[in-house]
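Have a look at the structure below, then the notes.
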């Protein structure tokens with residue numbers, strides 16, 4: 001039976017060759033995931049708890065970042081916002097990657113009429129701006145967290161399908177793929193053992209860098225009132241709710257805006273580091 005082999009151009013010790021900025025980004029993302037995992041334990045308040053007597057209250061021991069225009073604890077809403085924003089983004093990226101690899105990879109490996117039909121469908125989705133397409137789907141499905149997840153998934157899967165198809169076509173000419181067929185492997189066995197590992201490595205880099213883009217889409221839809229709805233806390237929704245306080249309390253906009261900026265920057269740095277590492281140290285993944 002064929003066994004997986006990763007071909008490295010240098011030592012495979014990741015911790016030595018992985019870029020420093022990638023390690024820093026990975027630590028930051030791990031911290032964000034821990035915050036999401038322990039969200040209910042980080043604050044004694046509920047994100048939708050209103051106390052009009054504490055409107056625009058300043059920072060204090062009771063309220064680390066103060067309160068918003070409705071007296072809600074900003075730190076609590078920021079933490080719950082991380083849970084929703086990051087959780088929804090990761091959910092979407094998993095969906096589009098799975099759909100894209102399955103659809104595009106199979107289309108590229110099979111070829112023929114299936115390849116042509118699937119690629120024409122992808123062309124239809126890719127011919128329109130993703131945000132406009134997301135607005136259309138949200139308009140059809142309605143607002144709300146799950147509808148936003150569905151809408152953004154529908155706007156992004158075609159990109160991953162086309163990339164997966166292109167990678168699969170390049171892998172079909174590899175010698176070890178031809179050998180696997182000569183040894184009597186079925187299409188699905190060869191796809192799982194020879195195509196899928198390579199697709200996952202390349203798509204991992206794209207997906208990591210795309211998480212920030214997806215977070216911006218979620219925040220943008222929530223900001224204009226078509227995404228996550230109150231009383232849920234989401235960073236784009238928080239920006240929308242606090243825009244009326246731009247002149248009276250401009251610092252309130254810095255918290256969700258800063259959180260969004262830092263999170264997107266972390267994923268971008270991690271994606272760039274993964275790209276550099278795989279380009280330099282890993283040429284191919286095959287079974288042989």
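These residue numbers are counts, starting from 1, taken along the chain as shown.
Every residue gets a Cβ built from N, Cα and C, even glycine.
Fair warning: this is a prediction, and the values are worked out from it, not measured in the lab.
As annotated by TrEMBL, transmembrane segment applies to 20-42 (among others).
Outside the transmembrane segment (80-110) by six or more residues, the chain places 32-33, 35-36, 39, 47, 118-119, 122, 145, 148-149, 152-153, 156-169, 172, 187, 190-191, 195-196, 199-200, 203, 207, 210-211, 214-215, 218-219, 228, 232-238, 256, 259-260, 263 with a CB less than 8 A from a CB of the stretch. Summarising the annotation, TrEMBL assigns transmembrane segment to 80-110 (among others).
Summarising the annotation, TrEMBL assigns domain 'ABC transmembrane type-1' to 86-271.
Taken from TrEMBL, the feature transmembrane segment applies to 199-228 (among others).
Summarising the annotation, TrEMBL assigns transmembrane segment to 248-270 (among others). Sequence-distant neighbours of the transmembrane segment (248-270) (same chain, 6+ residues past either end, Cβ-Cβ under 8 Å): 21-22, 24-26, 28-29, 32, 56, 65-66, 68-69, 74, 78, 81-82, 85-86, 208-209, 211-212, 215-216, 219, 235-236, 238-239, 242.
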Remote residues contacting the transmembrane segment (199-228) - C-beta distance under 8 A, at least 6 residues beyond either end:
84-86, 88-90, 92-93, 96-97, 100-101, 105, 130-131, 134-135, 138-139, 143-145, 148, 151-152, 155-156, 160, 163-164, 167-168, 234-237, 239-240, 260, 263-265, 267-268, 270-272, 274-275, 278, 282, 285
